Amino acid sequence: MAIPSFVDRVQLVVRAGNGGNGCVSVHREKFKPLGGPDGGNGGRGGSVIVRVDPQMNSLVDYHRQSQRKATNGQPGMGEHRAGANGEDVVLPVPEGTVVFDADTGQVLADLTGGLSECVVAQGGRGGLGNEALASRTRKAPGFALLGEEGEQRTICLELKVIADVGLVGFPSAGKSSIIGAISSAKPRVADYPFTTLVPNLGVVKAGDHTYTVADVPGLIPGASRGKGLGHEFLRHIERCQAIVHVIDAATYEPGRDPLSDLDAIETELGAHGGLEDRPRIVVINKIDVPDGRAIAEMARPDLEARGLRVIATSVMTGEGLQELVFAMSELVRQRRIEQAAAPPPRVVIRPRAVDDTAGFTIKRQGDGEGGFVWRVRGAKPERWVRQTDFGNDEAVGYLADRLNRLGVEDELLAAGAQPHDTVAIGSGEHPVVFDFAPQVEVGAEILAPRGEDQRLNQPRGAVRRRREREAAHRAEHEAPVAEGDEADWRRLRDTRSEQTPAGFASEVDDVEVEWVGGDPYGSGDDGTGRDHD
């Protein structure tokens, strides 16, 4: 099957990359057997970005390949090395592309004017390594956080051609012929209906003013209900500053005349919606055919009575085309002035924290025969659960500490939760389910810092031996004395007087000091407590 040359609507499945897992590692170096944690963080997953490319005019590149995926972030490594970030995937689109969420219909971005790109799928955050998780009470965590999964969604890209003037009318009314005559565009022209299957764009110059004109495929009564080509191509004139009705003066179909053709097209425009405020010009084309000029002059009074400007044209002779070019230029110029004079919308900035600490809710669900469950929902708790390695007891304890600090346990108790009730965090098919065990029951277990490596609390061998000697020395000198000497020992211990240079206490009379080898201070004391003159 041949690939069409113009595609203005496609549906894509986009998936961002997952974040890399954090690393659990302990620094190893000679003479430093316990160098501390050095596990790096995981890399961020790649995002999917839709970006405007001025060189593109169609979405045909996405007609066949409907899935795009970014790369994953790399896991962290030891020696403080973080994992590499995943590469972003950029989807180039023409200016005027509108990005929808295919599931909800929400408009994600309208890529016009200053908005040149948008992130349609955010890459997952990388998990923290055990180095980043270390603290004063958790010196060497034996766990790391897992990387988050990247976003996945189905989007719809819809191109709305950006033109200043849109030509609408019945098939074979001469719209393509007019745009080919007043611009350098080369649309396909033939003598049968629905020759134009895709919008044609042309650049028109009126004096020093330049603007663009779009030729929309022909409309027929009932197009809003799917007849003919339908009215889906009308989205290409939603951005137009003015609308030009092209009416065929040479038609011989029964029941058709300029007024009825205009009413039929206006009915289809009303069914599409959003075009009521656009200024209109009526062009009665093909006045060069027999009776064409007469038909135009007959319809002119009624059309002008509706407040419409009427221009009779002939592509074959060129009559009326110059007037049409300057008339459209005047409408575009006035419209641009009105839009420039309009006050810009007031922008109210309401800063919002990236991580909302109070962003969780607790509800009791399922009170039937199958029992009930306490459902915890919130960005933070659900993200923490996704990043937890439940095969690691320390990681599970760290998650419990975080939930407790966030206030989840207090809210569960306030809501009436009892010990051993079922608690589920998250929604969907795979929530994390556990039995509620409040802190008051856990007791001392929760007071100990989780993730602490006891090896790092042990002193080195030399320090340990010195402390053992000091402890033995204190025990030896603080040993209890005999009962008979207890009073003297207490009296000596409580003595606060200073020691004299002679080496004895000046306030104690019954203490004798005997020096071995003589008095080292030269005081004349022979060691018996008597002085020699």
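Any Cβ shown, glycine's included, is placed from N, Cα and C.
Some features that TrEMBL has for this protein:
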BINDING   169-176, 194-198, 215-218, 285-288, 314-316  GTP binding site
BINDING   S176, T196  Mg(2+) binding site
COMPBIAS  468-480  compositional bias 'Basic and acidic residues'
COMPBIAS  487-497  compositional bias 'Basic and acidic residues'
DOMAIN    4-162  domain 'Obg'
DOMAIN    163-333  domain 'OBG-type G'
DOMAIN    352-438  domain 'OCT'
REGION    63-84  region 'Disordered'
REGION    450-533  region 'Disordered'
Around the Cβ of G169 (GTP binding site), other Cβ atoms found within 10 Å total 25
For the domain 'Obg' (4-162), the averaged pLDDT of the predicted model is 89
Quick note, G169 (GTP binding site) and S176 (Mg(2+) binding site): C-alpha atoms separated, nearest Å, by 11
Taking DSSP H, G, I as helix and E, B as strand, the domain 'OCT' (352-438) contains 30 helix, 25 strand, 32 coil
Within 10 Å, the Cβ with the most other Cβ atoms among the binding-site residues K175, K286 is that of K175
According to DSSP, K286 (GTP binding site) sits in coil
For S314 (GTP binding site), the number of neighbouring Cβ atoms whose distance to its own Cβ is within 10 Å equals 22
S176 (Mg(2+) binding site) sits from V198 (GTP binding site) (Cα to Cα, rounded, in Å) at a distance of 11
Per DSSP (helix/strand/coil reduction), V198 (GTP binding site) sits in coil
Cα of S176 (Mg(2+) binding site) to Cα of P217 (GTP binding site), in Å and rounded, measures 9
In this structure, the one of the binding-site residues S172, S176 whose CB has the fewest other CB atoms within 10 Å is S172
Around the Cβ of P217 (GTP binding site), other Cβ atoms within 10 Å, all chains included, total 24
All chains considered, the count of other Cβ atoms within 10 Å of the Cβ of V198 (GTP binding site) is 18
S176 (Mg(2+) binding site) falls, by DSSP collapsed to helix, strand or coil, into helix
